[in-house]
Amino acid sequence: MDFPRGLLVAWTLSLWPGFTDTFNMDTRNPRVIAGPSAAFFGYTVQQHDISGKKWLVVGAPMETNGHQKTGDVYKCPVTQGNCTKLNLGRVTLSNVSERKDNMRLGLSLATNPKDNSFLACSPLWSHECGSSYYTTGMCSRANSNFRFSKTVAPALQRCQTYMDIVIVLDGSNSIYPWVEVQHFLINILKKFYIGPGQIQVGIVQYGEDAVHEFHLNDYRSVKDVVEAASHIEQRGGTETRTAFGIEFARSEAFQKGGRKGAKKVMIVITDGESHDSPDLEKVIRQSEKDNVTRYAVAVLGYYNRRGINPETFLNEIKYIASDPDDKHFFNVTDEAALKDIVDALGDRIFSLEGTNKNETSFGLEMSQTGFSSHVVEDGILLGAVGAYDWNGAVLKETSAGKVIPHRESYLKEFPEELKNHAAYLGYTVTSVVSSRQGRVYVAGAPRFNHTGKVILFSMHNNRSLTIHQALRGEQIGSYFGSEITSVDVNDDRVTDVLLVGAPMYFSEGRERGKVYVYNLRQNRFVYNGTLKDSHSYQNARFGSCIASVQDLNQDSYNDVVVGAPLEDSHRGAIYIFHGFQTNILKKPMQRITASELAPGLQHFGCSIHGQLDLNEDGLVDLAVGALGNAVVLWARPVVQINASLHFEPSKINIFHKDCKRNGRDATCLAAFLCFIPIFLAPHFQTATVGIRYNATMDERRYMPRAHLDEGGDQFTNRAVLLSSGQEHCQRINFHVLDTADYVKPVAFSVEYSLEDPDNGPMLDNGWPTTLRVSVPFWNGCNEDEHCVPDLVLDARSDLPTAMEYCQRVLGRPAQDCSSYTLSFDTTVFIIESTRRRVAVEATLENRGENAYSAVLNISQSENLQFASLIQKDDSDNSIECVNEERRLHKKVCNVSYPFFRAKAKVAFRLDFEFSKSVFLHHLQIHLGAGSDSHEQDSTADDNTALLRFHLKYEADVLFTRSSSLSHFEVKANSSLESYDGIGPPFNCVFKVQNLGFFPIHGVMMKITVPIATRGGNRLLMLRDFFTDQGNTSCNIWGNSTEYRSTPTEEDLSHAPQRNHSNSDVVSIICNLRLAPSQETSFYLVGNLWLTSLKALKYRSLKITVNAALQRQFHSPFIFREEDPSRQVTFEISKQEDWQVPIWIIVGSTLGGLLLLALLVLALWKLGFFKSAKRKREPGLGPIPKELK
């Protein structure tokens, strides 16, 4: 249906099913049908339909019939009443000597849905053959009315003792004594295996005439035959008509009671030549034609007693015996000696027993046919695990006959060298259908190579097989292939999944079991993982039974149920796996344990069947076998509740107050809550279901913004009855008062559930039971309700440029600063030594419409740490930053949440501290403004501000020097011996200490030491140089040793200052790296060269060692003074006798006297030598005496 504009429908959860321990199989009301536990009632179970009435067919393979444990099958009504034994264990197979004790009838059951018949098998049914019992197995078919209709025994073959033996006995007068002949008869008859399907014996006595002592079918046991033979009297006669007796036996004895196909054996016993020997040739020819094997016994008593040569007699008897004579001819000395040939005669008659070279003679004797069974279109597949020396086989019984594949047909997958492994092929049988190959049979061999194997094959009427594919197990002893099930998930008559059980798979120290999943892909089954059992590690034998069942959860896909009969301490459990599309979901939808159904259940899950609706409610039900019980689990209908919610009006306009609530103006709205139930099963399209629901407003807020008119912010436990397919709606009135947050929508939550979850319909697994819909606030923007902001961000820092630093800090004029900045990039900014922070002044302005959820994103380079944000104005707008420890160099700040108003502006200051651990040659600060409202691209360029500066750092260092020698006086009597033959020693130290915040690098220390004059005279010798920092690398340049040892005359009085500008020097250059507060010292150790200092001409001499700090070309550090330097000066003075010439002394004296005379003359001319007399002023008194 179409809803009006503004309808909000909840997003439902995915329909893909999830996990649950309780779904739609009812565990509260099971039907538990009890039977005899000792009979293993429940070992197999099948659902059965007879004219609409539902039954369970339950196998009890250890059931007793009379004194024998034959096993049997019960029919059980599914609703009420007791089970009835069908007495199929009393069924007898004629014409065989059968043994029915422990034949395990009901060990396998197979139903035929076409005619509602079923097959119950007795794989251990056996019959007697000679000295052996052959366990060939047998199955009994019952019709739809549970009545026996047919015996199926394809492995049953005629015994090698299937013989009709006629003894032709000479009873003429010459036979004596007769009692010895009777003893011979009794002894030889006791060696015969007489019984149905084995040996029949008839006796003909002849002389002059021939009579039947008894016919072949007169007696069916050794006891009866021996009893009858013991009463045979000698009939006598004067003639011995052996030819007549043989013909009589051939033509009459083999016809009266003889069996078709039975081997004909004739034993002729006589004591003399025949009176009708001319007829022997014809008689023997007729016997050969009838395939009568003849054993002839010549009794020589008559000849020996009379001393007659028996040669002619013996030749006649040999002629009567079949060829070769050595195997068919016997002679004894007399009648008493007949007892001596009993064993030999018996052995020769049965010489072929057990050694027949027919290819199947040893193949099917122990086949145990019916160990597994499976109904197909044209017959029945039967597993024969004991066939071919227990390698196993699969036989097929059809209306046209039976198909028994040759042993060689299996050799491709079951090679001869592994025949002693007892593969047990046929342990389970099933079939699959592919679009290309049609029906393909599947059989498991769980003991093949100890790991198990499954083969997929086609069977042909010429007894050959075509094996299409083989699947192999992975673990020794896991019994892979002991259970196999094919699944047509989507019901398109093509198999989608093949499941293979390995119930003894060992995992986590337990026999947990495993079920392998194979999907059909291009007519081959491809491994696709395993089904999941419970996570409780126990001996469960998960996969002992796997059943493909009809759609249980009514989603149109067939499902699978897996039994774990040993789980939960042998109480047992079953797992229900749902089908989906062409797959079986790996995780169980429901796990049902025996303990939750009824007390005392054991081995629950040993058999499973689910194909019929047993209680006429339109749903498929489950039948599960347990030890001594059969359990019926009823399916519950599945319903889907579709919930929807819409509001009138569709948005909350807090600027429009249209009602009063609790005396306050409010905005009133209505919510319409609607439910539509959908039953998945067609049978329930007119059903009803009751639900209960709760409604809550703004459930996740401590103070809800919306309230229900009925009071509060929620109401609970409302009940409503819904009809299938019909919509039911309810109006819920609510209101909104003033709120500060009108950006986030108001959430309206509804939780609903079935009114009676334990009975009636079941809510579909995975179907949502919660509906959350939000009603938004009107945003106050233009008519299309789409806000378009225009954010403008501006930012600048307080860092000085190189020019500003030069003028303000260094105090230089602009002209000098122009040349100062030439060594830097014009974009370089200077970090003064006292600076620890960087400040950014910024403004954010919204020149457009409201910006909802506006944010300011702040990020900085790693050498900065965010310190603070200070708002600079008193506007209503605010900025609040969120601390995120995981994002150290990023910060997100909310601007005037929930929205930044149109035409609003906010100014703020950002402070960043320099990092103590990260040092970079640049810094970067990025500011970006954004919001949930969409800004036009044409105005988005000014939403960001990027401050990126290349930096130079002002180094703050303390640079000092000290020296052990500052002045030395060279005296004439100065001796070198007191100075180790060199001169006075000195020790200079230059110390540099980093007083700043940043680590210093890219700086060199250059020390120049004057070593000698330009004339080659040594001034001092540098003996050693070292530093106190191991990470300081230094290079020394210049020659400090190769100067002349004898000084030459050189006058230094005109240039007494000796330094790097006028002397040969040694230069020491070191790379300097200093962490904050770290210091390093440079040490120079040497001696003044006294020999030269005494020889050179000077009065006073100063030798200066200079140390200067120099920045490298790309160094990030600068100094306030250009290349700061420190000097150490050695001041040297010299005492010496000066010889002045006489003419200089005389000239100087006369010159001095002349100069004195001229000075006196000048003073005289000026009146310097006259007395000064003052005139007294009038009025003055006399001059004081003291003044005079």
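Here the Cβ of each residue, glycine as well, is placed from N, Cα and C on the backbone.
The annotation signal peptide is assigned in Swiss-Prot to 1-22 on the grounds of sequence analysis.
As annotated by Swiss-Prot, repeat 'FG-GAP 1' applies to 24-85.
A coil conformation is recorded for Asn82 (N-linked glycosylation site) in the three-state DSSP classification, outside any helix or strand. For Asn82 (N-linked glycosylation site), the count of additional Cβ atoms within 10 Å of its Cβ stands at 10 [all protein chains shown]. The N-linked glycosylation site annotation in Swiss-Prot covers Asn82 (among others).
The repeat 'FG-GAP 2' annotation in Swiss-Prot covers 91-151, and the record cites sequence analysis as its basis.
Annotation note: Asn95 (N-linked glycosylation site) sits in a coil segment as assigned by DSSP. What Swiss-Prot records for Asn95 (among others) is N-linked glycosylation site, and it gives sequence analysis as the kind of evidence.
Residues or ranges marked as N-linked glycosylation site in Swiss-Prot (evidence: sequence analysis): Asn291 (among others). Cβ contacts within 10 Å of Asn291 (N-linked glycosylation site), excluding its own Cβ and spanning all protein chains shown: 8. Secondary structure at Asn291 (N-linked glycosylation site), taken from DSSP and collapsed to helix, strand or coil, is coil.
Look at Swiss-Prot and you will find 355-406 tagged as repeat 'FG-GAP 3', backed by sequence analysis.
Sequence annotations record features per position, and here Swiss-Prot assigns N-linked glycosylation site to Asn358 (among others).
The repeat 'FG-GAP 4' feature in Swiss-Prot is assigned to 411-461.
Of all Cβ atoms in the shown protein chains, 15 besides its own fall within 10 Å of the Cβ of Asn449 (N-linked glycosylation site). Per Swiss-Prot, the feature N-linked glycosylation site maps to Asn449 (among others); the stated evidence is sequence analysis.
Residues annotated as repeat 'FG-GAP 5' in Swiss-Prot, with sequence analysis given as evidence: 462-527.
Reduced to three states, the DSSP call for Asn490 (Ca(2+) 1 binding site) is coil. Swiss-Prot lists Asp488, Asn490, Asp492, Asp496 with the feature Ca(2+) 1 binding site, giving similarity to another entry as the kind of evidence.
Sequence annotations record features per position, and here Swiss-Prot assigns repeat 'FG-GAP 6' to 528-586. On the 0 to 100 pLDDT scale, the repeat 'FG-GAP 6' (528-586) averages 93 in this prediction.
Under 8 Å, Cβ to Cβ, and six or more positions away along its own chain, Asn528 (N-linked glycosylation site) finds Val517, Tyr518, Asn519, Asn583. Classification of Asn528 (N-linked glycosylation site) by DSSP places it within a strand. What Swiss-Prot lists as N-linked glycosylation site is Asn528 (among others).
In the three-state DSSP assignment, the secondary structure recorded for Asp551 (Ca(2+) 2 binding site) is coil. Taking a C-beta cut-off of under 8 angstroms and a sequence separation of 6 or more, Asp551 (Ca(2+) 2 binding site) has the following same-chain neighbours: Tyr557, Asn558, Asp559, Gly579, Val620. Taken from Swiss-Prot, the feature Ca(2+) 2 binding site applies to Asp551, Asn553, Asp555, Asp559.
Feature annotation from Swiss-Prot assigns repeat 'FG-GAP 7' to 590-650; the stated evidence is sequence analysis.
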Top partner of the repeat 'FG-GAP 5' (462-527) among 24-85, 91-151, 355-406 - counted as Cβ pairs under 8 Å: 355-406
Same chain, 6+ residues apart, C-beta under 8 Å of the C-beta of Asp555 (Ca(2+) 2 binding site), given in sequence order: His578, Gly579, Phe580, Val638, Leu680
The repeat 'FG-GAP 2' (91-151) touching the repeat 'FG-GAP 3' (355-406) per 3+ Cβ pairs under 8 Å rule: yes
Residues of the parent chain within Cβ reach of the transmembrane segment (1142-1164), under 8 Å, 6 or more residues beyond its termini: none
Tally of residues which DSSP labels helix, strand or coil - the repeat 'FG-GAP 7' (590-650): 3 helix, 30 strand, 28 coil
Entry from the glycosylation sites list Asn973, Asn1031 having the most other CB atoms no farther than 10 A: Asn1031
Nearest of the binding-site residues (Asp488, Asp496, Asn553, Asp613, Asp617) to Asn973 (N-linked glycosylation site) - Cα to Cα: Asp496
Any further residue of that chain within 8 Å (Cβ to the Cβ centroid of Asp613, Asn615, Asp617, Asp621) of the recorded Ca(2+) 3 site: Leu612, Leu614, Glu616, Gly618, Leu619, Val620, Trp634, Ala635
Residues that sit under 8 angstroms from Asn694 (N-linked glycosylation site) by C-beta distance, when 6+ apart in the chain: Gln714, Phe715, Thr716, Asn717, Arg718, Val750, Glu751, Tyr752
For Asp488 (Ca(2+) 1 binding site), nearby residues of its own chain (Cβ under 8 Å, 6 or more apart in sequence): Val433, Val494, Thr495, Asp496, Ser548, Asn558
Within the repeat 'FG-GAP 3' (355-406), residues counted as helix, strand or coil by DSSP: 4 helix, 24 strand, 24 coil
